[in-house]
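Student: This is the structure I have questions about; it appears just below.
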Amino acid sequence: MSGSFWLLLSFAALTAAQSTTEELAKTFLETFNYEAQELSYQSSVASWNYNTNITDENAKNMNEAGAKWSAYYEEQSKLAQTYPLAEIQDAKIKRQLQALQQSGSSVLSADKSQRLNTILNAMSTIYSTGKACNPNNPQECLLLEPGLDNIMENSKDYNERLWAWEGWRAEVGKQLRPLYEEYVALKNEMARANNYEDYGDYWRGDYEEEWTGGYNYSRNQLIQDVEDTFEQIKPLYQHLHAYVRAKLMDTYPSRISRTGCLPAHLLGDMWGRFWTNLYPLTVPFGQKPNIDVTDAMVNQNWDARRIFKEAEKFFVSVGLPNMTQGFWENSMLTEPGDGRKVVCHPTAWDLGKGDFRIKMCTKVTMDDFLTAHHEMGHIQYDMAYAAQPFLLRNGANEGFHEAVGEIMSLSAATPNHLKTIGLLSPAFSEDNETEINFLLKQALTIVGTLPFTYMLEKWRWMVFKGAIPKEQWMQKWWEMKRNIVGVVEPVPHDETYCDPASLFHVANDYSFIRYYTRTIYQFQFQEALCQIAKHEGPLHKCDISNSTEAGKKLLEMLSLGRSEPWTLALERVVGAKNMNVTPLLNYFEPLFTWLKEQNRNSFVGWDTDWRPYSDQSIKVRISLKSALGEKAYEWNDNEMYLFRSSIAYAMREYFSKVKNQTIPFVEDNVWVSDLKPRISFNFFVTFSNNVSDVIPRSEVEDAIRMSRSRINDAFRLDDNSLEFLGIEPTLSPPYRPPVTIWLIVFGVVMGAIVVGIVLLIVSGIRNRRKNDQAGSEENPYASVDLNKGENNPGFQHADDVQTSF
């Protein structure tokens, strides 16, 4: 037989084997899709019940349902791994197997998996039930929503904002710190068992594509694309930052540096994530009609249901479907009035089996009007790919899912659209000034959040990678916040805090880079859909509502779910395979030009050395080695605790004896910052019940002077080795370490010898005087041979005498 015959026979056998494997895999996946849908639905319903009614019983039910789903998924994942991907030709079957072969948390031991679930549930509960109390009225303790968020959205009181900001982090962040440390370790273990470098790498895997024709995409490429696009966005952000800083100086004139970073608690919400609420303080042309339509919504008696009905109308106008009847019956669109504790953070839910819901404590504001469009965009995506197999019912990548609703928000926010739904007067006319007002409001929400998002996720990636040891989490967090975002902490935070976890997405285990990529994608999508809708004019004026052609193109992409690479899905709509920041920059170009003119005489950028508390801080330098030599001890957390306690003692003494006031200062009232390895740091003091009430530096200095020796003694140091810069040394004797016995004995003996020598000298002088009185007039030196050069030791120059002391 010829060689070609055997080659043909081998190929036929290989094809038959592949066909057999593929058919078996197809049958396996069909069974999985049927069984998974029911178990997943039960788990999702239990999770919904817990999030809308936080009780121990609902937590127990959620954990039990989740455990059943996880056990089933783990079993099916192991079975999926028996099908070699190399023998699968059908792309859809292959993508499903690839997804199912990722074991997720099921690779952990039963004990560790249970512990991880316990940690995640605990973090969610702490976040949802945490409160901060008003220092001026300790009985007034507020949840985040509603309560603290109202202060952070509306208050112009610097101190009120500060206690709310600090109280939330002290209450929630500190509780979450030990849990988050465990979470990082367990998630990293899970990721590495799934063949990823760490959990950040695992998250980035959502963007990875292995495809032909140039549609592949790597996890490392995501990092590079984010870095590159951020560099392009940075000039626009820096000018927005400079403009906002100048406006904040008008509201808080003594609290803002002309060249410094922005205090984190002044930026419109609890995290400084969105600057939207700064618009009333920063509006360029205040005499123009207000494009924030919150007042109009209130005056027209809008409620939560009206807000979501208007969002639904928008989607329907472009040819997308209505919400289901179950959506309106089962969603939680307002905070319950029956006393239930709930997770208020807005989320869209695809529970499975055609059950779609939104959970949101909606308020009648323009911001929530746009948020409703965003959340309903998620539901539209969920409904569009519902016909896909279970494992492909997801966004092309996580950023796509976030972008869909944002596309609609771009149109819904335009003055033209707001006029059509009666929230702006028909007489409202657009000119250059109203255009700048509109673009600034958009930039506060969209541009202002990009560095926040980029920096937060970069920090987490570094933490998961081990590039930031847990002993430096907060130090690096605020270093990066100052350097990248131009935002500074209003009070210093040590390593007992966990500020990142004070954000919902961090406490609840969400990847966050999706909010960065979605912003880039949404402008790419908007530009493409506006072209399809035949929009003419600047991109920021485009409203795609009522364009069924644009809706049809969008729906084609949404219905793909995860069945094709996101690079291919993106290309089908926008004509490009990767992120491109140009449409975003084009959208804001008129504003960028205006900002550069406004900032012509202002400093653009920020000085990272400035701190809001610098003026009242005292610098400390400690020299252990020079003071104690080989007996120097290590400066550690315990020593810092002792220092803070010593200052608290000094403050108590000062207020008691000088002001006749009993103030219970404790170590937590002493705030330390900028600790350096060579032992230098700054500190300031606040009153015991109010972090926003800083004690003047001069009074702290007086308190230190009163208790200087007590402070020195606590550390076995003196004024020169425990130095408070700006406070002159006292006249108290320096601390001396104990002297050993042999030195004491030696000193006594040598002292006796010296006394003896002195007595001999004195005795000799007396005898000589007697001889002088009794002698004749002869030359007293006649008997002395001067050539011998003898010296009387009693008359030697003091500098020539050497001792062993």
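Each residue, glycine too, has its Cβ placed from N, Cα and C.
Straight from Swiss-Prot, here's the annotation block:
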type	residues	note
BINDING	R169, W477, K481	chloride binding site
BINDING	H374, H378, E402	Zn(2+) binding site
DOMAIN	19-607	domain 'Peptidase M2'
REGION	30-41	region 'Interaction with SARS S protein'
REGION	90-93	region 'Interaction with SARS S protein'
REGION	353-357	region 'Interaction with SARS S protein'
REGION	771-805	region 'Disordered'
TOPO_DOM	18-740	topological domain 'Extracellular'
TOPO_DOM	762-805	topological domain 'Cytoplasmic'
Student: When DSSP states are grouped into helix, strand and coil, how many residues of the region 'Interaction with SARS S protein' (90-93) land in each?
Tutor: 3 helix, 0 strand, 1 coil
Student: Just give me the nearest neighbour of W477 (chloride binding site) among the binding-site residues H374, H378, E402, Cα to Cα.
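Tutor: Given the candidates H374, H378, E402, the nearest one is E402.
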Student: I'd like the number of other C-beta atoms within 10 A of the C-beta of H374 (Zn(2+) binding site), please.
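Tutor: Other Cβ atoms within 10 Å of H374 (Zn(2+) binding site): 21.
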Student: For the region 'Interaction with SARS S protein' (353-357), what does DSSP give as the number of helix, strand and coil residues?
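Tutor: Per DSSP, the residues of the region 'Interaction with SARS S protein' (353-357) fall into 0 helix, 3 strand, 2 coil.
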Student: Give me the Cα-Cα distance between R169 (chloride binding site) and H374 (Zn(2+) binding site), rounded to a whole Å.
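Tutor: Just about 28 Å between their Cα atoms.
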Student: Determine, for the chloride site, the additional residues of the same chain whose CB lies within 8 Å of the mean position of the CB atoms of R169, W477, K481; present them in sequence order.
Tutor: A264, M474, W478, E489, H493, Y497, D499, P500
Student: If you run through the region 'Interaction with SARS S protein' (30-41) with DSSP, how many residues end up as helix, strand and coil?
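Tutor: Each residue of the region 'Interaction with SARS S protein' (30-41) counted once, the result is 12 helix, 0 strand, 0 coil.
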Student: Let me know how many other Cβ atoms fall within 10 Å of the Cβ of R169 (chloride binding site).
Tutor: 25
Student: Can you check which residues sit near H378 (Zn(2+) binding site), meaning Cβ under 8 Å from its Cβ, same chain, 6 or more apart in sequence, and list them in order?
Tutor: A348, D350, H401, E402, V404, G405
Student: Take the C-alpha atoms of H374 (Zn(2+) binding site) and K481 (chloride binding site) and report the distance between them in angstrom, rounded.
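Tutor: Cα-Cα, rounded: 27 Å.
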